[in-house]
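Asker: Under the heading active site, proton acceptor, Swiss-Prot lists His362. The UDP-N-acetyl-alpha-D-glucosamine binding site annotation in Swiss-Prot covers 8-11, Lys22, Gln72, 77-78, Gly139, Glu154, Asn169, Asn227, Arg332, Lys350, Tyr365, Asn376. Taken from Swiss-Prot, the feature Mg(2+) binding site applies to Asp102, Asn227, supported by sequence analysis. What Swiss-Prot records for Ala379, Asn385, Tyr386, Ser404, Ala422 is acetyl-CoA binding site, and it gives sequence analysis as the kind of evidence. Feature annotation from Swiss-Prot assigns region 'Pyrophosphorylase' to 1-229. The region 'Linker' annotation in Swiss-Prot covers 230-250. Residues or ranges marked as region 'N-acetyltransferase' by Swiss-Prot on the basis of sequence analysis: 251-460.
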Amino acid sequence: MTNYAIILAAGKGTRMTSDLPKVLHKVSGLTMLEHVFRSVKAINPEKAVTVIGHKSEMVRAVLADQSAFVHQTEQLGTGHAVMMAETQLEGLEGHTLVIAGDTPLITGESLKSLIDFHVNHKNVATILTATAQDPFGYGRIVRNKDGEVIKIVEQKDANEYEQQLKEINTGTYVFDNKRLFEALKCITTNNAQGEYYLTDVVAIFRANKEKVGAYILRDFNESLGVNDRVALATAETVMRQRITQKHMVNGVTFQNPETVYIESDVEIAPDVLIEGNVTLKGRTHIGSGTVLTNGTYIVDSEIGDNCVVTNSMIESSVLAAGVTVGPYAHLRPGTTLDREVHIGNFVEVKGSHIGEKTKAGHLTYIGNAQVGSSVNVGAGTITVNYDGQNKYETVIGDHAFIGSNSTLIAPLEVGDNALTAAGSTISKTVPADSIVIGGSRQVTKEGYAKRLAHHPSGSK
């Protein structure tokens, strides 16, 4: 059995009120088109053809070499869009799935079941349908007294009886590939919209006494086509629920799943605890036994086993096992923390590697630095890495002790076991095992404060 796929992605999406093509709006971190394409891959298509139109280069870039593309210059209806794919699929033996690129909730399992139903029933066409409590706006499935599908009628063309029908067309179909393109040559624009309806091929097949069937979705949510921001929000809600439920089944604990945002490509190991208002985005991996507390935001990062991240932001960083971060810390892109590192409150790290068991507990900036293991970085320490034009590196050796309020002016190297005194400004190499005092010498003038305005006896 050879399968093909046609994805309809040419529309502008006027009701989205956006410069972005409709299918490129995101749901849980992926464009709607990407969600659809991932589901389509479940049927293992020999060839996938994406019909593009509005801002076609932007749409093409999302799938790149994963699909063939055809261009629909004018949007003259779904039938016309499928006609555009004829140059890619004409004459091929097999079954062709036709699906809209704005249906992000459709699952691969449902598409595979649709194909299997189509093949097992030897249909020339099979419609994916659903039962709607409120079918207004959808095309209706019209059956005869024997339950056979005889036609699909659009909302604007439906009579009073047809408008009462609850079974609706989801806009997804499977066809015998050759018969599809033969039937498309016979459809017209004689309808309320003045468009080429793909659904008109059903009546053509029926007139030729060819078998048309319908496979009914179990989950109505999968039929959602996103045409505006309201539907986009609905899709986001459903997808978020799916994602959190998947992780819970796999052993992740959520204290308040309704407030958590987790994107589609995030991986979470068992025995992770996630509190409320946590955001996990991009290609993030969370290791087993890790705890993410309220307000944590992580994107494109790898978090090792048994870490604790407390109300902090982590971007494009790698944390080994046993690391603790926060509260209110910020790990910026290019940060790597080895085992059991502690990054405390109001500490910012960027583009740096920090060795195991090193601690930076408070109010510190570490940028463009290589920090060894078992280093203590005192409160208020700053690596001065930028001169207005270039960034420079700071290297701190193993077991060094950086005193509070040290200012380390890069390029700079502090050797193993070295110590900087509190309040020092360091601009030259500190040899291993050395103590450096870089602050100004204290001068005390007894009684002088009485002459200053702040003193009770001072001048006013």
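Cβ atoms are placed via backbone N, Cα and C, with glycine included.
Are these features on the surface or tucked inside, and what touches them?
Answerer: In the three-state DSSP assignment, the secondary structure recorded for His362 (active site, proton acceptor) is strand.
Spatially close to Arg332 (UDP-N-acetyl-alpha-D-glucosamine binding site) yet at least six residues away along the chain are Glu315, Ser316, Ser317, Glu348, Val349, Lys350, Gly351, judged by Cβ distances under 8 angstroms. In three-state terms derived from DSSP, Arg332 (UDP-N-acetyl-alpha-D-glucosamine binding site) belongs to neither a helical nor a strand segment and is classed as coil.
A sphere of 10 angstroms centred on the C-beta of Asp102 (Mg(2+) binding site) encloses 26 other C-beta atoms. According to its DSSP assignment, Asp102 (Mg(2+) binding site) is coil.
Around Ala379 (acetyl-CoA binding site), the C-beta neighbours below 8 angstroms that are at least 6 residues distant in the chain are Gly361, His362, Leu363, Thr364, Ser404, Asn405.
When pLDDT is averaged over the region 'Pyrophosphorylase' (1-229), the result is 95.
For the region 'Linker' (230-250), the list of distant contacts is 16, 25, 27-28, 32, 35, 104-105, 221, 224, 257, 260-264, 266, 268, 270: same-chain residues at least six beyond its ends, Cβ to Cβ under 8 Å.
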Asker: Across all the protein chains here, work out how many other Cβ atoms are within 10 Å of the Cβ of Asn169 (UDP-N-acetyl-alpha-D-glucosamine binding site).
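Answerer: Its Cβ has 24 other Cβ atoms within 10 Å.
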Asker: Please state whether DSSP places Leu8 (UDP-N-acetyl-alpha-D-glucosamine binding site) in a helix, a strand or coil.
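Answerer: DSSP call for Leu8 (UDP-N-acetyl-alpha-D-glucosamine binding site): strand.
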Asker: Between Leu8, Ala10, Ala422, which of the binding-site residues has its C-beta surrounded by the fewest other C-beta atoms within 10 Å?
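Answerer: Among the binding-site residues Leu8, Ala10, Ala422, the lowest count of other Cβ atoms within 10 Å belongs to Ala422.
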Asker: May I ask you to report the DSSP-based helix, strand or coil state of Ala422 (acetyl-CoA binding site)?
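Answerer: Its secondary structure by DSSP: coil.
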Asker: What three-state class does DSSP give Lys22 (UDP-N-acetyl-alpha-D-glucosamine binding site)?
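Answerer: Looking at the DSSP assignment, Lys22 (UDP-N-acetyl-alpha-D-glucosamine binding site) belongs to a helix.
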Asker: Between Lys22 (UDP-N-acetyl-alpha-D-glucosamine binding site) and Ala422 (acetyl-CoA binding site), how far is it from one CA atom to the other, in Å?
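Answerer: Cα-Cα, rounded: 57 Å.
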Asker: How many other Cβ atoms sit within 10 Å of the Cβ of Lys22 (UDP-N-acetyl-alpha-D-glucosamine binding site)?
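Answerer: Taking every protein chain into account, the count is 27.
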